[in-house]
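Here TrEMBL flags HIS67, SER85, TYR156, VAL157, ASN158, SER173, HIS242, PRO243, GLU244, THR259 as iminosuccinate binding site. Residues annotated as [4Fe-4S] cluster binding site in TrEMBL: CYS130, CYS216, CYS302.
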Amino acid sequence: MLDMPAIRQDLNLVYDLAPNPDLAARMSAEYSRMSRVVSPADWAIHAPYVAAINALKRERNATILAHNYMTPEIYHGIADVVGDSLQLAVEATRTSADVIVQCGVHFMAETSKILNPAKIVLMPDMQAGCSLAESITAEGVEQMRAKYPGAPVVSYVNTTAEVKAASDICCTSSNAVDIIRALDADTIIMTPDQYLAQNVAAQVPEKRIVWWEGSCIVHEQYTAQDIRDFREWNPDTRIITHPECPPEVVAESDFSGSTKGILDYVSAERPARAMLVTECSMASNISDAHPDVEFIGPCNMCPYMKKITLEKVLWSLHTMTTQIEVPSHIADKARLAVQRMIDLSAAKA
Ligand code: 13P
Ligand code: SF4
């Protein structure tokens, strides 16, 4: 657990982190990407951290990979690459930086390390987990194999390195359907997201898909009745869901896709009003680029993603902690499962 008061004290000895309206005004280019969702007063607080992190990044030859659920000041202020889980994994294979700072959750940092064993991968807060990754172990995968002999295991990237190593191939929400279709098997095991598995099964009825009963604490909270009520009260709103939502929720929506899929859909369709049935930062991060779209709540916050803050990123780069390590006998097997997914997605593109 990070000792934030002590960290704050140490950082203030080295960096000038007091709110700074003059610096904030000079950094108007960064601010223009988030001005609809971050107030000028908040930007004056964030700007000194953004400036310090960006300078340190150059000094350390570091790159910041940030998931679409990061807060706007991280997403627009310090990230070098933003995207969904698949994009971040692919970008991790392309970077020439010596250091990767993962602004996302722990399994994403592990994936970057698996793909880049020689690089330093930093996780700003090791407590940034994921309810899906915590729901299954490698033993759980073996139990599923014993129950369905011969069936290949497709594990969501939202899993630990050990679970990836015990799987045949990984998937993300943007390529799961393609991966299931490409596998030469009638019965396929999907872990650990029961809802992603059920949503994929609905699109690939020719295969028998069996699943582990994990779920995402952010997306499982929505109900079909919530969506029907919302549609009745807001008839002209485009309702867009993430496939980690239960299938009956997805069935009530106009579109369902990964966080990149959601962004692409909004960019292409430009609906007057949109409700993103997903994590709250998704709408915040794309709001300034889509001034003609009114984004309407409710959204749900991911407590794990929200553990990553500018202060913790600065501390991470300053101290070069916490470095992710994956034992090579696990990383080597996990890499096969992740790389198979990346190769199959590239072949489909
Ligand atoms: P994608 O960004 O791949 O859609 O995943 C969403 C998610 O919940 C990541 O934790
Ligand atoms: Fe995990 Fe859900 Fe949070 Fe994504 S949004 S990190 S799947 S708990």
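Cβ from N, Cα, C; glycine included.
Just so you know, TrEMBL annotations never went through curation; they're auto-generated.
Applying an 8 A CB threshold to same-chain residues 6+ apart, the list for CYS302 ([4Fe-4S] cluster binding site) reads TYR69, ILE217, VAL218, GLU279. Within 8 Å of the centroid defined by the CB atoms of HIS67, SER85, TYR156, VAL157, ASN158, SER173, HIS242, PRO243, GLU244, THR259, the record's iminosuccinate site, lie the Cβ atoms of ASP84, THR172, SER174, LEU196, CYS216, SER258, excluding the listed residues themselves. Across the fold, the C-alpha of CYS216 ([4Fe-4S] cluster binding site) and the C-alpha of GLU244 (iminosuccinate binding site) stand 7 Å from each other. Other than CYS130, CYS216, CYS302, the residues of this chain whose Cβ falls within 8 Å of the Cβ centroid of the [4Fe-4S] cluster site are, in sequence order, VAL105, SER131, LEU132, ASN158, ILE217, VAL218, HIS219, GLU244, GLU279, TYR304, MET305. Taken in sequence order, the binding-site residues TYR156, HIS242, CYS302 that lie near ligand 2, meaning a CB under 6 Å from one of its atoms, are CYS302. HIS242 (iminosuccinate binding site) and CYS130 ([4Fe-4S] cluster binding site) have their C-alpha atoms 16 Å apart, to the nearest angstrom. Cα of GLU244 (iminosuccinate binding site) to Cα of CYS130 ([4Fe-4S] cluster binding site): a distance of 13 Å. Comparing TYR156 (iminosuccinate binding site) with CYS130 ([4Fe-4S] cluster binding site), their Cα atoms are 12 Å apart once rounded. Long-range C-beta contacts of CYS130 ([4Fe-4S] cluster binding site), restricted to its own chain and to partners at least six residues apart, with a cutoff below 8 Å, comprise VAL105, HIS106, PHE107, ASN158, CYS216, TYR304.
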